[in-house]
C-alpha cells in the first residue's frame, strides 16, 4: 500500500499542492488568485495560469498541464469552483477521476470555507456546493433570458455594441413603412427596436426630407 494512501487513511494528506488559476480575458489580472494559492501553500513552480480563457472553452492548456502534473497524493488547488468552468455532473466526475488517480481537489473558497475532497466531509460538502453552484448559474441564466425577453417586448434596445446603419438602409426602411409595412416588422428585420427606427427615420427626414409616417 502506498505511503500516500496510508497517510490519507490516517487523515494526513501528503504530496504536492498543484495550483491552477484562470482569467477570462487577457486584460484581467490573475495576481489575486495567484496570491491566494501561494498563501495556501502552493509553490510558485507548481502554479499554472490560463490567461484569456473562459470556462466554457474546451482548450485550457495550463489546466491540462496542471492535471497532468498531479501524482498519487497530490492535490489540485483552485480559488473558487467556477475556475473549473464545468457543469455539476462534469465537476463531480472530474473530482471522482482525481480520487481514482489518488489525487484530490481543494477549493479555497467554497460556501465560505476551504474544502478538500481528500477528506470525507470535504467530499460531501463539495458534492452539495457543486450542485448549488450549478443551480445558481441556471437561475442567473433564466433571469438574464427573462430580462432580455421583457426588454425586447417593450421595444427597448438590448445594449451591446450598436450596429451601424447607413442612410441608404434607413431610407429604404422609411420607404417600406411609407408603402404600408409595419414599422415594428421593419425594425425587427434591421435588428433594432421600433423606437430606434423612428429616431433614425426622424433624423433622416430632418436632413433629407424623407417622410417617416407609417403604421
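Here the Cβ of each residue, glycine as well, is placed from N, Cα and C on the backbone.
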Region 'Disordered' range according to TrEMBL, out of 144-164, 165-185, 186-206: 144-164
In three-state DSSP terms, the structure that residue 24 (active site, O-(5'-phospho-DNA)-serine intermediate) belongs to: coil
Other C-beta atoms that fall within 10 angstroms of the C-beta of residue 24 (active site, O-(5'-phospho-DNA)-serine intermediate): 15
